[in-house]
Amino acid sequence: MAEVFVGPVAQGYASGEVTVLLASPRSFCAGVERAIETVKRVLDVAEGPVYVRKQIVHNTVVVAELRDRGAVFVEDLDEIPDPPPPGAVVVFSAHGVSPAVRAGADERGLQVVDATCPLVAKVHAEAARFAARGDTVVFIGHAGHEETEGTLGVAPRSTLLVQTPADVAALNLPEGTQLSYLTQTTLALDETADVIDALRARFPTLGQPPSEDICYATTNRQRALQSMVGECDVVLVIGSCNSSNSRRLVELAQRSGTPAYLIDGPDDIEPEWLSSVSTIGVTAGASAPPRLVGQVIDALRGYASITVVERSIATETVRFGLPKQVRAQ
């Protein structure tokens, strides 16, 4: 059933009621929930400072809240005192780390709790398996993203990074090279398919992962938005600017011809975006807290009488167990 919120009608809105189409699924995925809960539990039980390497998930609100609870975010392990303070713990982020980072933590005697998303860990295992059998691994991902850096580090001498079909065309490999591909878990489905098609066209014996690498949450959020974007005059995507899956949602809407904006929360909404619209699409990336959706809806009802209609394409029931160090006894 649609929810109707009544507020003052803002100048510039289309006359009459404005419809807000709310994509579902949206907001937190299982890997993000696991990572955040891991940090919270470590903070509850640690006897020393709790360091988190990189942002635990790519969301400014989440990071700020955990920092307020005492988490110390560092970009690299060398920011942690050596020797580490008594009882110190370092948490690896949901995006995963390379074996070299793990080795560095071991060498320094750091107590580690690994919050790597199990679906990212699956990609790492596949990279190791492909490389071990002698394949050159082609990883489809975004340069500089933490997940990409971690995966490339699994088998650095055997792994190549590509982002576009043009990158595939530029590959210069010896005759007879056996290739297998893997993908970052947060990519756009359609763009990734174009790169995979280019790889298969050029390398007919291309190996592939036993199951899809793009995670269920990324897929569901993109398909949910795709199901309604054609009806929207504008789309608001709740997520931080360094969130890969949130940025892919913005790009999906824009490729469909609909103006779309990435916002951290309601304060980022610009009134001119909503001028003369009758239908607003709202979704949230997998690292954006669900409560921000409610805050954005509340902000929108300050502009007009709105009817909120949820468009659901799937029900998510995936849950991941916590790292053994923080499981309830």
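Every residue gets a Cβ built from N, Cα and C, even glycine.
The dimethylallyl diphosphate site recorded in Swiss-Prot includes H58, H95, H145, S243, S244, N245, and the single candidate from S287, S305, S312 that the record places there is S287. Shown are the binding-site residues S243, S287; the one with the most C-beta atoms within 10 angstroms of its own C-beta is S287. Note: the CA-CA distance between H95 (isopentenyl diphosphate binding site) and C215 ([4Fe-4S] cluster binding site) rounds to 12 Å. Within 10 Å of the C-beta of S244 (isopentenyl diphosphate binding site) we count 24 further C-beta atoms, all protein chains included. The [4Fe-4S] cluster site, placed at the center of the C-beta atoms of C29, C117, C215, has further neighbours from the same chain whose C-beta lies within 8 angstroms: A30, G31, V32, A94, L119, V120, T185, T186, Y216, A217, T218, A286. Within 8 Å of the centroid of the Cβ atoms of H58, H95, H145, T185, S243, S244, N245, S287, where the record puts (2E)-4-hydroxy-3-methylbut-2-enyl diphosphate, the same chain has further Cβ atoms from V57, E146, E147, T186, N242, S246, G285, A286.
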